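According to Swiss-Prot:
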- Arg53, Pro54, Ile55, Ser56, Leu70, Tyr71, Arg72, Gly77, Thr78: FAD binding site (BINDING)
- Cys221, Cys226, Cys229, Cys246: [2Fe-2S] cluster binding site (BINDING)
- 2-102: domain 'FAD-binding FR-type' (DOMAIN)
Amino acid sequence: MMQKQNMIVVNQKEIAKNIYELVLQGTLVQQMNEPGQFVHIKVAEGIAPLLRRPISICNVDQEKNEFTMLYRAEGQGTKTLATRKQGEMVDVLGPLGHGFPVEEAEAGQTALLVGGGIGVPPLYELSQRLVAKGVRVIHILGFQTKDVVFYEEKFAELGDTYVATVDGTHGTKGFVTDVIDHYGIDFDILYSCGPLAMLRALEGRYKEKKAYISLEERMGCGIGACFACVCHLQEDPSGHSYKKVCSDGPVFPIGEVVL
């Protein structure tokens, strides 16, 4: 159930170039039960910047009432958020959206989790949930260069983990699909989050597989009211049918929406 709460900053640190790990605490965490959901953060007091920032939920610890989110500090809003210190309060709205269907993976099956850039974080909580129910996980994490690689070791604790960098400075040179081809990776179910180009490449390969993708879109309200994040359905060539990424997604079955 969505709630709005002022949450306390437990810790914040830069874990890669311009990539920050922020841990917040509050009872709102008890509502975070679906990996792949996101929160809307009010990054500063006052009206500037006006819009909240959507940030995915990376890790949930309900015993401590803490959750972790990772984000890239690149615009005015996220750069402001990066200045928040331990003990300060952050206005959080969430959890929002529909996450990854963990129930679609069965114990003993192999799940392939593919993340690109800042699309990697929500896969961490998902991976933990899958491992807990006896699913074998394989991770492929794609980044531009080694300076922005993060959470490789954390994912490796859960299952086989491969990294691809576009410039070849870490792991396999190229894209996540190059890793799949090089190692001949097979799987029963696919979960993915990242840039559209990556999602399109995966859709082109695995449209007949059981697969789910999370779309990264710039969202305004986060609750389906402003229509800033609509995407059209593939089954309707007229373009009149659509779904809203923030409320109907951000996770969709592969092949359902136009990428």
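Using N, Cα and C of the backbone, Cβ positions are placed for all residues, glycine too.
These figures come from a predicted structure and were not determined experimentally.
Break the domain 'FAD-binding FR-type' (2-102) down by DSSP state and the numbers are 12 helix, 49 strand, 40 coil. In this structure, the C-alpha atom of Arg53 (FAD binding site) lies 13 angstrom from that of Cys229 ([2Fe-2S] cluster binding site). For Cys226 ([2Fe-2S] cluster binding site), the spatially nearest entry among the binding-site residues Ile55, Leu70, Arg72, Thr78 is Ile55, judged by CA separation. A straight line from the CA of Cys246 ([2Fe-2S] cluster binding site) to the CA of Leu70 (FAD binding site) spans 18 Å. When the neighbouring Cβ atoms lying within 10 Å are counted for each of the binding-site residues (Ile55, Leu70, Cys221, Cys229, Cys246), the highest count belongs to Cys246. Among the record's FAD binders, Arg53, Pro54, Ile55, Ser56, Leu70, Tyr71, Arg72, Gly77, Thr78, no two C-alpha atoms are more than 15 Å apart, and one pair sits at exactly that spread. Taking the Cα atom of each, Cys221 ([2Fe-2S] cluster binding site) and Ile55 (FAD binding site) are about 13 angstrom apart. Cβ neighbour count for Arg53 (FAD binding site) (all protein chains, 10 Å cutoff from its Cβ): 20.
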